[in-house]
Amino acid sequence: MHIESPIKRRQSTRIYVGNVPIGDGAPIAVQSMTNTRTTDVDATVAQIKSLEKVGADIVRVSVPTMDAAEAFKVIKQQVSVPLVADIHFDYRIALQVAEYGVDCLRINPGNIGNEQRIRSVVDCARDKNIPIRIGVNGGSLEKDIQAKYKEPTAEALLESAMRHVDILDRLNFDQFKVSVKASDVFLAVDSYRLLAKQIAQPLHLGITEAGGARAGSVKSAVGLGMLLSEGIGDTLRISLAADPVEEIKVGFDILKSLRIRSRGINFIACPTCSRQEFDVIATVNELEQRLEDLITPMDVSLIGCVVNGPGEAEVSHMGIAGSNRKSAFYEDGVRQKERFDNDNIVDQLEAKIRAKAAMLSKENQIDINQID
């Protein structure tokens, strides 16, 4: 029930990764990457399905060898979410997975080889209508660019990206997106800002090697939040040294916080103090776990007392304002006659939220695959 995002998205061209639209106003796609051995087909398929379950629009899979390429063929047959093959060093692997129905090829300009090899990949991608991601990384720039700039800079990342954008332009290939990732927030942000002014193609956002679950989430939220608030970005990945499922959750939380794209429940909860009349922290944690399966966008406020409780509840789909023994319950901003027992709020509120989610119009849900 909160206001729509004031962010004006950067205008970009449109590509498709499988059936997922990227750019030109399409919802920002959230993706992750498997961390299993790709040759372990069962483990990789299981992880992809777990990512899809929490909302992943696209999943990237590392394909470091020809054996991994053969495994990719089997994996692709067992999942429905679009797959990006992550290719480094050996361009021939890209040609191989293209035969196996890959939905997008990620190549690293710093190690994929000379222009002739890139031409081979582009020709294959064009023939099979496969988009490419030019994935520049501050830790693996071309040797001549490293020598020129001495250290990763925004200008260095931009030069690497534009070098390969120019190659694709010369080859008359426009089905690509670009990323210029760095582990330093300001370096990444400055690089993306420069790139956004240079090209019209979609941009894939990320703070690479951001760190563990807590610190990496914060670093990613700061960096990507800066860019997204400026309208920059068409797809994103949160790079965490953690379960990839967490990357998807954090990605959606960032988009939800900026009101760019909502999926599931947006909990507004107080940090608690001695005025709380029910256990807010335990209630939030339990409801988050129980309601992970819901995709309907909803705002639910859980405030432990009457100081801010009524005000937050009045601008939420549902809200609780803590009171002695029984707390006030609000729906669509209106206080209801029904009150919730403070010792049983979780069960009561879960039932109300599920019923409300079932009633909300499907027009409020974003199906990224149905965007024209």
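Every residue, even glycine, has its Cβ placed from backbone N, Cα and C.
Pulled from Swiss-Prot:
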type    : residues                       : note
BINDING : Cys270, Cys273, Cys305, Glu312 : [4Fe-4S] cluster binding site
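Listed in chain order, the residues near the [4Fe-4S] cluster site other than Cys270, Cys273, Cys305, Glu312 are Pro271, Thr272, Arg275, Gln276, Val280, Ile303, Gly304, Val307, Asn308, Gly309, Gly322, each with its Cβ within 8 Å of the site Cβ centroid. With the fewest other C-beta atoms within 10 Å around its C-beta, Cys273 stands out among the binding-site residues Cys270, Cys273, Cys305.
Around Glu312 ([4Fe-4S] cluster binding site), the same-chain residues at least 6 positions away in sequence with a Cβ under 8 Å from its Cβ are Ile268, Ser301, Ile303, Gly319, Ala321.
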